Amino acid sequence: MSRSQQDQFIDDDEEDEVCPLCVEEFDLTDKNFRPCPCGYQICQFCFNNIRTTMNGLCPACRRPYDDKNIQWKVISHEEMVQHKHNLAQQAKKKAAQKQKEAQKREADNLSRKHLAGLRVRQKNLVYVTGMKPKIQGDRLVEALRGKEYFGQYGEIIKIVVSKAKDASQGLQPVGVYVTFARKEDAALCIECINSNPQSEGRVRAQYGTTKYCSAYLRGETCNNRSCMFLHEPGEQNESFTRQDLSS
């Protein structure tokens with residue numbers, strides 16, 4: 001015979017209402033059960049388990065349990081009625097708490113629905129347009145991470161290169177998304193690129209935007225450690241609809 005073991009928290013005012021060994025709530029008979037003269041109180045399930053499968057000693061004073069020392073209290077009718085009333089009140093309280101939590105989850109999910117169509121300006125993400133690289137693939141990404149390109153501005157988390165629309169037309173401009181570890185490095189990158197006279201305005205940089213993680217929008221935990229989407233509310237003044245971005 002065994003009881004399922006689960007992690008849980010108990011309130012300070014409930015500490016004396018649970019068995020210190022299995023952390024299960026005392027029933028009415030347990031509350032009136034004293035198996036040891038030292039006064040250390042445990043439930044009858046744990047008492048029987050100690051007596052039959054363990055060393056038979058009180059966990060508190062290490063005294064052997066003896067039937068002649070066990071104290072029982074006969075439960076009166078009034079006590080039984082009061083106990084049932086208390087159980088009903090506790091059940092009512094727990095039901096109200098569950099309902100409150102469910103309403104909160106529903107409200108949170110509703111508040112997130114409007115976020116699905118928003119894009120949020122990400123201050124550590126730089127979007128660069130107008131670049132015409134002569135190399136492609138992994139070699140290009142490796143070069144862009146180097147000190148001659150974006151690596152000179154700070155630590156880079158990720159680089160994404162958008163493919164040219166028509167690669168058959170020779171060197172075509174591509175878009176590059178650079179995610180920096182620090183917002184300050186992203187700001188420096190944008191400033192340096194846009195103020196570089198050699199680019200003659202062909203290469204431009206701005207803050208990139210990102211969307212909310214689909215798991216976050218569903219109120220779930222995202223298990224993708226490499227997910228680059230948002231998992232918390234963005235700033236209101238940094239959020240835009242697609243119409244805002246296209247206008």
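Quick reminder: no glycine exception, Cβ is built from N, Cα and C everywhere.
As given in TrEMBL:
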- 85-113: coiled coil (COILED)
- 19-62: domain 'RING-type' (DOMAIN)
- 207-234: domain 'C3H1-type' (DOMAIN)
- 207-234: zinc finger (ZN_FING)
With DSSP as the reference, give the number of residues of the zinc finger (207-234) in helix, strand and coil.
-> 4 helix, 6 strand, 18 coil
Average pLDDT across the domain 'C3H1-type' (207-234), rounded to a whole number = 87
Count the residues of the domain 'RING-type' (19-62) that DSSP assigns to helix (H, G, I), to strand (E, B) and to coil, and report the three numbers in that order.
-> 14 helix, 4 strand, 26 coil
